Structure formats: C-alpha cells, structure tokens
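According to TrEMBL, the features are:
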| type | residues | note |
| --- | --- | --- |
| TRANSMEM | 20-43 | transmembrane segment |
| DOMAIN | 37-283 | domain 'G-protein coupled receptors family 1 profile' |
| TRANSMEM | 55-74 | transmembrane segment |
| TRANSMEM | 94-116 | transmembrane segment |
| TRANSMEM | 137-158 | transmembrane segment |
| TRANSMEM | 201-221 | transmembrane segment |
| TRANSMEM | 233-255 | transmembrane segment |
| TRANSMEM | 267-285 | transmembrane segment |
Amino acid sequence: NFSRVTEFILLGLSERRELQVLFFTFFFLAYAMVLLGNLLIIVTVRTDPKLSSPVYFLLCNLSFIDICCTSVTSPRMLMDLLSQRKAIAFEDCIAQLFFLHFAGASEMFLLTVMAYDRYTAICKPLHYTAIMSRQTCWVLVSACWAGGFLHSIVQTLLTIQLPFCGPNKIDNYFCDVPPVIRLACTDIYVTEWLMASNSGLISLVCFLVLVTSYTFILVTIRVRLTEGHWKALSTCASHVTAVILFFVPCTYIYLRPFSTFPSDKHVCVIYTVFSPVMNPLIYTLRNNEVKASMWKLWKRCRV
C-alpha cells in the first residue's frame, strides 16, 4: 500500500543532551550576532549620505540576504535543540528547502556582482561611475533575486515530484536537497544529476568567475602601486575571505551526486551560520568609512 510521508524527523548535529545545550547557546549567540551585525550595517548605510556608492548599496543588500538566509534555518534549529522530538511537516520542509536555496543562490550571484563592482572600480576607474550607476545596481540586484528564485523553484519542483513513502529521518538540522531526495521511494539517478548540475555548477561557476575577477584585480594592482590601489587590495582581501567561507562548502556539498558523509551536516554549518556571522565583521572591521559612520550613528543615538 502506498502511503505518503507527512513529516520528517531531523536528527540534528548530535543526540547527546549535553551537547545540544551547548549547541543551543552557541547558535543562539551566533544568530543574535547575525541579526544585530547585519541590521547595524543596513541602518548605517541607509542613514549616512556618504555611504551612497555602489559598493555600500551592494553591501546593504548582502546584509539583508544574510539575515534571510540564516533566518530560514537558525530559528528552527534552536527550537529543535530544546525539544525531544524534532519533527517537521512535509510542507514546512519543502518551504524551508525553497527559501534556503532562494536566499543562498541570490547571495552567490550578489557576491559575484560585488566582485564585478571591485573589478570595475580598480581596473576601469575612469568609467566606474558610468558603468555602476544607481540604475545599473538596481538591475543587477534584481537579477540576483530573479536568478535565485529560478534556481530555487527548479530544486523544489524536482523534489516534490518524488514519492516519499518510507524512511523519514533526515541526517541534518534542516531540510536540504541532498538528504531529502535520498529518502525518496524511487531511483533518483537522473534527479541527482540534474540537481548537481543546478546547485553544484552554479556554485562552481560563480566561484570561478570570482577567482578570475580577483586575479585581474591583483594583476592591475601589481602594475599600479598607488595608495588607493593598496586600499582597494585590502577591501578585496576581505571579499575573498567571505567568498571562501561561502563558496567552498557549497561546492563541496552540492557538486557530489550519489555520495553523502556524516560530516556533511557539520560542513553545512559553515555557510548557514559562520558565513553570515563573519560577513558583518569582515566588511566593517576592515573598512574605515563604515566604522566611522557607525561611530557617528552611535553618538547620535546617545544624544
């Protein structure tokens, strides 16, 4: 008899109660840092007219995406860490999967756009204002969201058309494509290849584009050793750190069809928790203009 699975059981990071309490404390603090850090960046950029250049407009959008991305997984994970039975309804699981890939893919495209912005500013400084106009920035950001939606809807449609009638335990702390589709009661050979071609190749191609962009930047800086270019190099170094934290784990997880390891859920922590936590630190601690604006905002709030 055919019976459709109505809920999944999330096994989480560990079944040991003492570790769950420790994880709850750590991830609660991490989630609070993500919310406070990225909201502070958004408010600072929006309230300071001096931070009106394209790089800060894109940074503001990155902070918003980081909040969305981590809010898809962290609240549910924190709730499960305090509960005995970590069940999630089938519809909620699919919704989590959809919004995670929507925000995640949008962030991939946005980081690529930010690399293009830095490339234009350093390699074509005389044409930067014309190329990266406010209208162009809005078009690029809208394209990032549209690309993220198309990517996510494909992943979701490939998932919901599979029959789930038996196992319902997901060895992870959130619903993601690789562990969910392996619970299907059918051969998923073609589906795994399609999903790897979608998620994996997007991660890899964006990462290669980013590496190429920053390579051109490094070559340009070697030729033009000015103070402004060294400042740009410092900014790019922080961008590269954010890129590595986000893209390397994603490529590792999604470009491996037909294989899964127990350590995969720990790798997922890097791009769902660590990357959103580190982005506000990376983009503010190494940016004197943002730090100065935050200090002025703090002084205004105290008055």
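Even glycines carry a Cβ here, placed using N, Cα and C.
Just so you know, TrEMBL annotations never went through curation; they're auto-generated.
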Contact check, the transmembrane segment (137-158) vs the transmembrane segment (55-74), 3+ Cβ pairs under 8 Å, seq sep 6+: yes
Average pLDDT across the domain 'G-protein coupled receptors family 1 profile' (37-283), rounded to a whole number: 87
Top Cβ-contact partner of the transmembrane segment (201-221) among 20-43, 55-74, 94-116, 233-255, 267-285 (pairs under 8 Å): 233-255
Contact set, same chain, for the transmembrane segment (94-116): CB under 8 Å, 6 or more residues outside the stretch: 55, 58-59, 61-62, 65-66, 68-69, 72-73, 76, 88, 140-141, 143-145, 147-149, 151-153, 155-156, 159-160, 174-177, 180, 199, 202-203, 206, 209-210, 213-214, 239, 242-243, 246-247, 250, 271-272
Intrachain neighbours beyond the transmembrane segment (267-285), with Cβ under 8 angstroms and 6 or more residues off its ends: 13, 27, 30-31, 33-34, 37-38, 40-41, 59, 62-63, 66-67, 69-70, 73-74, 100, 104, 172-174, 176, 238-239, 241-242, 245-246, 249-250, 252-253, 291, 294
